[in-house]
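Q: Before anything else, here's the structure in question.
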Amino acid sequence: MPRGKDDHIIVDMQGTHTPFFERGKLCMWQVMIVVEVLIYSSYSVMIHMCKVDGRIPFRSSSVVFLVEMIKLLISVNFLLVEVQKQDVQLPKLTLSFCLPFAFPAVLYFINNNIAIHAQGYMDSTTYQVLSNMKIVTTSLLYRLIIKRVLKKAQWIAVGILTLAGTLDSYGGYVSSSIITSSEVFVTAPGLFLMFVYSMLSGLSSVYSEYVLKRNMEVTLHFQNVLMYIYGATLNGITWFIQTQSDDFGGLLHGFSMYTWMIVLSQVGNGLFMSVIIKYGSSMTRLFVLTSAMPVSTLLTVIFLNTQLTIYFITSVGLVVVALIQYHKH
């Protein structure tokens, strides 16, 4: 995506001073980054705390549908407030304007469901490590779609991160997913799902950035409303179809306190990440993901009594090295 007249409002991870990020708003930006790290690091832990007899007791579509609906309602409310204050002028709802928001919504719809299913085939710490493959896919797609050139040192960091994921996969590979939550493990289906997840995650993030930034003058709340309408519709249809073919109960079947914590945290995650992608970049998002990994490790040790292997500890160290290497240039 070529640079445009609004590129001056985009910031990097160091929080470059810009019209959008004045001193007070810059502080809010930094707090939002920290909150996002905590949300990402706790996600896989909460999923595993929801499990009953090693299995996830609820439909993934139920969780994602609720998340999309709540995000939609919040975004509509924010948009109405802006309209009432006459702070925003809404664009014409043409097909050419609305249709591009459907593609990232479809990608997020698929990926959010994969993220839940994948954790039935690995422990939470391994999920966090393998999810960092998104750095590789996002970096490549960022180069192809956004036309951003990465430096040699940054590509080295991407390679180190790939090695970290491979090392953890080798050390934790087992043939069955029915293992106690205190062991580090990953299965072949889990590896495949994480590969698909990483590809779709990178594509959805980069394309969302392209769509949001090509209309910088349009309020983010209006853009979010369009995207969440697609997301809520897709997940609502999926949930309804699943109710006709399985023996689960209603929408909230299998929900627990931890499930609701997942729903609410993912609502915040979606809203915050849209701000990060529009006013930061997809690469800023990767900073959040990689920073979440050591925090997730600490949480799994505390709450899940995870027994870490030497392969996993080494892979964590490599991710930290990759993070430093990538962002010091």
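For all residues, glycine too, the Cβ spot is worked out from N, Cα and C.
From a predicted model like this one, the values you see are computed outputs, not experimental measurements.
The feature transmembrane segment is assigned by TrEMBL to 26-43, 63-81, 93-110, 153-171, 191-212, 224-242, 257-279, 286-304, 310-326.
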Q: Please figure out which one of 26-43, 63-81, 191-212, 286-304 racks up the most CB pairs under 8 Å against the transmembrane segment (310-326).
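A: That would be 286-304.
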Q: For the transmembrane segment (286-304) and the transmembrane segment (26-43), check the count of CB pairs under 8 Å (sequence separation 6 or more) and say whether it reaches 3 or more.
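A: Yes, the stretches contact each other.
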Q: Quick one: find which recorded stretch in 26-43, 93-110, 191-212, 224-242, 257-279 has the most Cβ pairs under 8 Å with the transmembrane segment (63-81).
A: 224-242
Q: Given the transmembrane segment (191-212), which of the listed stretches 26-43, 93-110, 224-242, 257-279 has the most Cβ pairs that are under 8 Å apart from it?
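A: Between the candidates 26-43, 93-110, 224-242, 257-279, the best contact partner of the transmembrane segment (191-212) is 93-110.
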Q: Please tell me whether the transmembrane segment (257-279) and the transmembrane segment (93-110) touch - that is, whether there are at least 3 C-beta pairs under 8 Å between them, with each pair 6 or more apart in sequence.
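A: Per Cβ check, the transmembrane segment (257-279) does not touch the transmembrane segment (93-110).
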